[in-house]
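**Student:** Quick one: structure below, then a few questions.
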Amino acid sequence: MKRQSERDSSPSGRGSSSSAKRPREREREAEAGGRRAAHKASGGTKHPVPARARDKPRGSGGGGGHRDGRAAGDANHRASGGRSSGAPGGGGRTGKASGDPGAGGASPRASPLPPPPPPPGAEPAGPGSTAAPEYKTLLISSLSPALPAEHLEDRLFHQFKRFGEISLRLSHTPELGRVAYVNFRHPQDAREARQHALARQLLLYDRPLKVEPVYLRGGGSSRRSSSSSAAASTPPPGPPAPADPLGYLPLHGGYQYKQRSLSPVAAPPLREPRARHAAAAFALDAAAAAAVGLSRERALDYYGLYDDRGRPYGYQAVCEEDLMPEDDQRATRNLFIGNLDHSVSEVELRRAFEKYGIIEEVVIKRPARGQGGAYAFLKFQNLDMAHRAKVAMSGRVIGRNPIKIGYGKANPTTRLWVGGLGPNTSLAALAREFDRFGSIRTIDHVKGDSFAYIQYESLDAAQAACAKMRGFPLGGPDRRLRVDFAKAEETRYPQQYQPSPLPVHYELLTDGYTRHRNLDADLRVRDRTPPHLLYSDRDRTFLEGDWTSLSKSSDRRNSLEGYSRSVRSRSGERWGGDGDRSIAKPWEERRKRRSLSSDRGRTTHSPYEERSRTKGGGQQSERGSDRTPERSRKENHSSEGTKESGSNSLSNSRHGAEERSHHHHHHEAPDSSHGKKTRESERNHRTTEAEPKTLEEPKHETKKLKTLSEYAQTLQLGWNGLLVLKNSCFPTSMHILEGDQGVISGLLKDHPSGSKLTQLKIAQRLRLDQPKLDEVTRRIKQGSPNGYAVLLAIQSTPSGPGAEGMPVVEPGLQRRLLRNLVSYLKQKQAAGVISLPVGGSKGRDNTGMLYAFPPCDFSQQYLQSALRTLGKLEEEHMVIVIVRDTA
């Protein structure tokens, strides 16, 4: 009764009286709504306004005044929600029940927003977009599952590295099977590589490959951060969109995990629930994405999309420390490799890491059992190679353990490697930016290269430049410098690619060919990997073909044409005309047979003399007509004991030519009428004999020096004896590289007896720090030219020079090889020091110091001649510096 009286006294009594019939009316209206929906589907045109008009007072009665307060602001949302959520057979009532919170008595909530429009300037992804979206990653599929991973990586790396800096990773997906991700540094490089792959069918081991770009979603971090809060208000999904082969490819779990690491933890939703705030929300999303950490995002774009093959479960590939080299002040070309297996070898480490660059040094440390795992230090040629290896190999399993990789200590020198240069960077720009730190000695840079070497006069200037210029923008807004120390006397190219010395059968390339940008980059990365045996000739021709852009390919063709022209010109100078060039190979074979036959005592005709006669033409025939019977008899006498159809050997030809020359001199005075013709004939004969001498010179060399021991035998022996360290002695031979012999004989002798010293005991060590090395250099300059000597110390052999004077090893000393002493000094990073003379001296008239340096940057400056002769120094050696004290 009370409720009935309240209903009677309410202003809307009629409307509220009808609310008692609400359950039955709902059933009838639901049935009527179903009939209306069916009628509408069959072509009816009944207007749905009365249904919405009846819903409005019912909503106000159920929701109260709060619903009325929001009715004006949310009318558009309710109308759009009712239309979008209505389904056939359910009518508008079903849409109202599912979209209107007031029907259930709960607090009202705004209906979900449609997806906001893209921000101004954003590029839509997909094939239907007007502007092509950018991508840095290519997905390579249809790979053969039977090929080894290393060979597959090498072949793909060789195909795509010519387009720019890349990193490559193999993976496996359930849909595509074996795939590879090729990540480029710049989007234009990736686009150029894909265009070439589409222009011509890419084959690998007779198998066509499929190349597709991988687009990264714009603003992905903000969408992911707000996905949890908007999950409840997401509208029902529409029909599935057609497959987009060029859209964003869903990758495996490891990649999604890395993408999630870019978003801030527990980030609040940034979008306002109003359509009019969509543009502002996108601006906030962009600001939030920029604040997440651009260095990590750039590292992910450059080296991302790596699979988890070979990594332990749960390993996070992209962590806080994976900064780009220009952002990481700790980045050096030295890598620390931890958690290694005790049985790991240097060959295994080189095989695993050499694909990322040139490794100069590998040092493996194996602590005792129970004191930790083994670890190693790898020194790459430059910082780019080291960073590429660090990112790609972190967490990979070598042996049985997943390795840990970090940067090692830097080795400061006066020479800097500067990377990250743009193609238009000039020497003047480098000099202008780096000259402010100190005096520059040299700048080694070829226009178009992405790196340069800068040599300073002092170590302090190099250290200041390395610290201040790392990350400096030079060459454009998107390029920043990478700076690291390099070898003090390092040449521009690695030793294995030095143009000299070359074997006899190699040809030197022209300057335009060797300094071409793309070919230069090929030399720097990893052209040392041999092609696989399954790699057919047709594939090799395709891979070594022209895969660059039109401008680059034209440059390469020009350089190749210049190179071929130079080779043809050299060949023409060497072999004469085309007819001579066609018989060059038989001459080579006959020359080899001639060298063998001369050793056996048989003489054959010299092809070079025959060629000179043929090459001379008419002059040669005149020379033949001038031959007197007396000269013919002398020639026949010089070739006595041979067959008539045979010919003279090279030595006999020279001997005959000398006799003929002597014969001309003998008859020149009495026969003055023929003097001019005789002198001309003599010049021709001298030309004839000079050519075989020139071509025969390599044969008369003793032999090509191949080892450091052979090179040392060409030097003067300075001292031979035993170097003693603690309880070990090392037989050593010292050969003079430069300096005064008197310093050696004056300081390396026993003063009481006056005899030569046979033992030198190392009692001190000198740390290989730059200030101490500068002090040694200063003492050498003060003692020049007669106050110092530099010697090359190698292992003394029983059959070597001075071996007969080797002293007998004293009791208690263990004879060991010199390489053990070198390894000890390398490990200590020090040089051995001996005060001279041994035993001390009463005065300072004849005193000095001996420094024994292991192979290091300081010692290499005295072995440049050996490096030019041998190419590389593989034997263990030391450089001995003896300096006499100055008053």
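Placement of Cβ uses the backbone N, Cα and C atoms for every residue, glycine included.
Note that this is a predicted model, so its numbers are computed, not measured.
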**Student:** May I ask you to name which of SER111, SER500 Swiss-Prot has annotated as phosphoserine?
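**Tutor:** Checking Swiss-Prot against SER111, SER500, the phosphoserine entry points to SER111.
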**Student:** Which of the listed positions, SER107, SER606, SER784, does Swiss-Prot note as phosphoserine?
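**Tutor:** Residue annotated phosphoserine in Swiss-Prot: SER107.
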**Student:** If you check Swiss-Prot, which of SER171, SER261, SER796, SER859 turns up marked as phosphoserine?
**Tutor:** SER261
**Student:** Tally of helix, strand and coil residues over the domain 'RRM 1' (136-216) according to DSSP?
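**Tutor:** When I sort the residues of the domain 'RRM 1' (136-216) into the three classes, I find 28 helix, 28 strand, 25 coil.
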**Student:** For LYS210 (SUMO2 cross-link), which residues in the same chain are close in space, meaning a Cβ under 8 Å from its Cβ, but six or more apart along the sequence?
**Tutor:** ILE140, SER141, SER142
**Student:** Restricting to the domain 'RRM 1' (136-216), report the mean pLDDT as a whole number.
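**Tutor:** In the predicted model, the domain 'RRM 1' (136-216) has a mean pLDDT of 85.
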